[in-house]
Structure formats: structure tokens, C-alpha cells
Amino acid sequence: MLMKQVSAFLLVGIGGFLGSAARYGASLLLSPVAGGLPLATFSVNIIGCFFIGFISELALSTTLVSPESRLFLVTGFCGGFTTFSSYIFENASLLKDGQMLYTSAYLAGSVIGGFVALYSGTFFAKIWT
């Protein structure tokens, strides 16, 4: 059992490393052409959403994606590449389950909470320095 958990952590970690490296590569590639627009972030978020949807559907409806491959690709790679794709997938899952109130709260709470947390962090960093 312990070896299976260690293997899962390694799959997620290696996938996360590769996803993070791919995100960094996208920022190097797209930043010079964006002219101030956060094109790299926008692009990886949209690509990540497509990829997590594609892989998750294959994992659910076929035998093409093993549970280990799903851990590596979805949790690891997509997690390192973009957390936005996980956020959208979780909201879609809530919607699919008919949880409109939870979906609305999660969407609004994440966006509003994210802005509040960002500005709070900025505020406290300015006080601290």
C-alpha cells in the first residue's frame, strides 16, 4: 500500500514539474508577442481546460487512460500547467450534479475571494516592509 502511495506522489510530482516547465515555456514564447496582454496565462488556462476535459472524459468513458495516467496528466501536469483548468472542471462537475447553488458560490467566492486575498496580501506586505 505504501509503495502505491509513493508511486502516486511521484506521478503527480513529475507531472507537476513537466506542467510547470511547459507553463514557463509558454510564458517565454508568448510574452514577447503579447504587448502587455497576459496572453501566456490566458493561453495555458484555455489549453489546460481543454486538456483536462479531454483526458477526464477518456478516463471516465474508455480504458485508454489508466488511473495512474490520469493522476500524472490531470492532477500532475494540468495542476502544474494551470490550476484554472481544475477550477473549471470542479465547477462543471458541480453543475453536472445539479448543484447550482454550490457552483455559483464556488465561482463567485473564488473570484471575489481571490481578489480580496490578493489585495490583502499586497496591503499587509506594504505594512510589513
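For all residues, glycine too, the Cβ spot is worked out from N, Cα and C.
Copied over from Swiss-Prot:
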TRANSMEM  1-21  transmembrane segment
TRANSMEM  35-55  transmembrane segment
TRANSMEM  71-91  transmembrane segment
BINDING   Gly79, Thr82  Na(+) binding site
TRANSMEM  105-125  transmembrane segment
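Residues within less than 8 Å, Cβ to Cβ, of Thr82 (Na(+) binding site) and separated from it by at least 6 positions along the same chain comprise Gly19, Arg23, Val44, Asn45, Ile47, Gly48, Cys49. Below 8 angstroms of C-beta separation, residues 8, 11-23, 44-45, 47-49, 51-53, 55-56, 59, 65, 103, 106-107, 110 of the same chain, each at least six residues beyond the ends of the transmembrane segment (71-91), sit close to that stretch. Long-range Cβ contacts of the transmembrane segment (35-55) within its own chain (Cβ-Cβ under 8 Å, at least 6 residues beyond either end) map to 22-23, 26-27, 29, 65, 70, 73-74, 77-78, 81-82, 84-86, 88-89, 92. Taking the Cβ of Gly79 (Na(+) binding site) as reference, residues of its chain lying under 8 Å away and at least six apart in sequence are, in sequence order, Val12, Gly15, Gly16, Gly19, Ser86.
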